[in-house]
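Now, the feature entries from TrEMBL:
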TRANSMEM  19-38  transmembrane segment
TRANSMEM  50-69  transmembrane segment
TRANSMEM  76-98  transmembrane segment
TRANSMEM  110-127  transmembrane segment
TRANSMEM  139-159  transmembrane segment
TRANSMEM  242-259  transmembrane segment
TRANSMEM  266-287  transmembrane segment
TRANSMEM  353-370  transmembrane segment
TRANSMEM  382-406  transmembrane segment
TRANSMEM  418-438  transmembrane segment
REGION    468-514  region 'Disordered'
COMPBIAS  476-487  compositional bias 'Acidic residues'
Amino acid sequence: MTPEPIDTGIRPRRRNVEFALLLLAVVILAGGLCLAGLEIDGRVPDDLALFVGGFGGAVLALHIALRRLAPWADPLILPLAAALNGLGLTVIWGLHRIGGPTQSEAGKQLMWSVLGIVGCLVVLLAIREPRRLQRYPYLMAVAGLVLLALPMIPVIGIDAYGAHRWIGMRGFTVQPSEFAKLLLVVFLAAYLGMKRDVLSTAARQLRVRGVKVFSLPRMRDLGPMTVAWGFAILLLVGTKDLGASLLLFSVFLAILYTATGRKSWVGIGLLMFSAGATVAWAMFVHVRQRVVIWLNPFEPHVYHADGGSYQLVQGMFALADGGLFGTGFSGGRAAEIFAADSDFILVSIGEKLGLTGLMAVVILLLLLAERGFRIALASREIFVKLMATGFAFLLAFQVFVVLGGVTQIIPLTGMTTPFLAAGGSSLVSSWIMIGLWLRLSDSARRPPPTGKAHAQLEDATEVIQLPVHAATRSDDEAEGDQAEGEQGDAGSADGADVTPPAAPHPNTRATAQG
């Protein structure tokens, strides 16, 4: 269905709902810090006002700016992000308070939180119309690839924990891949938005003994995207950041399938993943080590080995200790786990707050991803649809990879949990994504200008219904449509754009609309 224009009278109520939920998120932060301080020190934390005032003031200032900059934005996105960020601050404060009186790590996380919120505001100020990003797909691709290549430069690249993920100078470190993934999602959304019709139409077919295996578009249409994405994957493998490589490849495949609706792309992607996994197993020792840790974590020689399964096993024991309602901030073994505030932050939450608290956090993360999918459904622009979907998949896949790694569902990848884990790069990039989501949401929900409502609604019907039709038809039906199109117009056989005649033949309607 075509989205109904939102009545102007709803605007204050929607922002007021957001304000009330933001107050609840700040109350959760204040209550969590008070509980942690009372359990650990027997008193309310001395820096309670700093954390609540600094973080609460930042998110409320962003809310006030939203009333003017993006009044039609989804009212749940900002409160969900604020609640997750506040929970992360609380857990990190509790972990480092147990280790001693210093609050340097929690203070740094508060600083990165405020900087991330400022970055979100900058995005809203700089990008007033999201469609402008569609004009620069190759610039986004080049910028993303340059960021991915920076850790490979010897002067600034940092080799830590078996991977080249960071760059640093004078004690200041940044993980460029956290920002590169946002740029690459924008590139894919822009490129696929332009080439969607061509990629959806099969121009070449791979057959084995007369049986169709895959349908491929023209290589000149697929070439630039394949080269850019292949280069990104090679760079990630070169830096040994295989977690980010897996994440970006999965998001790429999801956006491609969303844009084209062709199941054959999923099959090709699985084949590419299998080939890449085989090459990674053969080339990299640390990949084989992580698979061995995943399959045999309790074997003595694996558990006691240097870089073995000690961290994973202790994490699973911590989750078991948490039980249903948790051990509280003063108990448990999470403080003994390496990277308990970053890679294993979900383990720390599961131990301190129990399975109930961990599931609540996962639900908040999935609700945030669900709001991204809602933006895609509400939008009239195919570029906005693909970009919102890409960010939603990016968040959902990241949660799956992290949670699956600490629970032994998949091998550990060293990836961080958005909004929760300690680290400035992940937190700032997550807030930038929130800024883009808010702008996309405002664009999707904003009613059309007076005098242009009829034209925009007609365009909305075509943009929304056409992807659904393309996504639900099978490859055989697409092949039949192509054969019919060949009879109606020889130019549509290779996926070329077709200008509809004044009175098109019914068989050529699908290609004419494309």
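Glycine too: its Cβ is placed from the backbone N, Cα and C atoms.
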Residue numbers, six or more beyond the limits of the transmembrane segment (50-69), whose CB comes under 8 Å of its CB atoms: 15, 18-19, 22, 25-26, 29-30, 33, 78, 82, 85-86, 89, 93, 106, 110, 113-114, 117-118, 120-121, 124-125, 438, 442
Among the ranges 19-38, 110-127, 139-159, 242-259, the one whose Cβ pairs under 8 Å to the transmembrane segment (418-438) are most numerous: 110-127
Tertiary contacts of the transmembrane segment (139-159), as residues 6+ beyond its ends and Cβ separation under 8 Å: 133, 165-169, 173, 176-177, 179-181, 183-184, 186-187, 190-191, 228, 231-232, 235-236, 238-239, 241
Contact call for the transmembrane segment (382-406) and the transmembrane segment (242-259): at least 3 Cβ pairs under 8 Å, seq gap 6+: yes
